[in-house]
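Enquirer: If you look up TrEMBL, you'll see 12-31, 43-63, 83-102, 108-125, 137-155, 167-184, 204-228, 234-253, 260-284 marked as transmembrane segment.
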Amino acid sequence: MSKLISRWFDFLVFSNTFIAICAVGQGWLTYMLLGAGPDPEVLVLLYFATAFVYNAQAVLDKIPKGGTSVYYRIDWLIRHRRLIRTLSFIAVGGILACALFLKAATWLALGVTGLLAIFYSFPLFKTGGLRQVPGLKLFLIAGVWASACVLIPYFESGIQLETGKLVMLWLKRFLFIAAITLPFDIKDIATDRSTGLITLATRLGAKGASLLAIIFLAVYVALLYYFHQPGQPASFYSLLFSALLAAMLILYGSKQRKDFFYLFIFDGILLLQPAIVVATRLIVPGV
């Protein structure tokens with residue numbers, strides 16, 4: 001039984017199914033903050049788009065054509081290379097099917113975000129994708145995630161926000177995602193340095209990058225406080241709690257941890273955020 005659970009857990013994390021579910025959670029969070037009902041086609045789109053981008057990146061960059069690896073995750077990807085390819089093709093079909101139901105403005109947001117996500121790993125330059133640009137990797141990941149999970153639901157919802165409020169909603173999401181992405185770069189410092197990839201973590205070192213992540217969260221909390229909607233205390237306190245939890249994990253994760261700590265725990269914060277908002281609203285009705 002334990003082996004079966006372990007296999008399913010490996011599939012959930014390494015096939016990027018879990019991170020795709022996290023993207024759905026972040027899209028759902030945007031709808032809750034907007035006070036709108038979720039559009040099912042957008043949430044399904046976020047799932048398939050995330051699954052495709054992450055699996056395509058694995059196919060392009062991380063899965064050797066044969067042999068084995070000393071790293072458990074890479075070894076799993078090698079053994080399930082065909083599965084990853086199949087899931088990528090299924091995701092493309094899902095994206096196209098969902099895109100048929102989107103509004104024109106949503107199409108634009110999807111197109112720009114999608115191109116940035118694809119060229120993150122696709123060899124746009126001789127040296128590789130956009131992530132090879134020194135120091136750009138973190139901001140590209142956070143920007144793509146914030147744009148996909150904030151702008152796509154926003155445009156599809158039909159709700160009209162002042163430009164400043166929309167920018168602030170996007171910026172807060174950007175800062176939060178940037179903060180919980182930095183630990184991944186800290187984990188990969190040795191690998192990135194050996195391959196010549198320049199990231200903020202390789203420049204700042206583990207302690208400096210951890211401090212930067214905490215600064216991102218501090219700015220996020222400040223913006224959360226000064227620009228929160230008075231009529232949504234559940235959202236404010238839930239997001240504040242998630243930021244404090246992320247800060248503790250960043251400090252705890254400053255030491256080298258196994259892949260599961262990052263791929264399940266850190267990524268899981270993206271799913272925990274909307275879950276906490278929902279739970280708070282259920283426990284304390286009317287807030």
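Even glycines carry a Cβ here, placed using N, Cα and C.
Curation does not apply to TrEMBL; its annotations are automatic.
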Enquirer: Which residues of the chain, 6 or more past the ends of the transmembrane segment (12-31), have a CB below 8 A from one of its CBs?
Expert: 37-39, 42-44, 46-51, 54-55, 58, 73, 76-77, 80, 83-84, 87, 145, 148-150, 152-154, 157, 169, 173, 260, 263-264, 267-268, 270-271, 273-275, 277
Enquirer: Which bits of the chain, at least 6 residues beyond where the transmembrane segment (260-284) starts or stops, bring a Cβ under 8 A of a Cβ in it?
Expert: 13-14, 18-19, 21-23, 25-26, 28-29, 32, 73, 177, 180, 183-184, 187, 234-235, 237-239, 241-242, 245-246, 249, 253
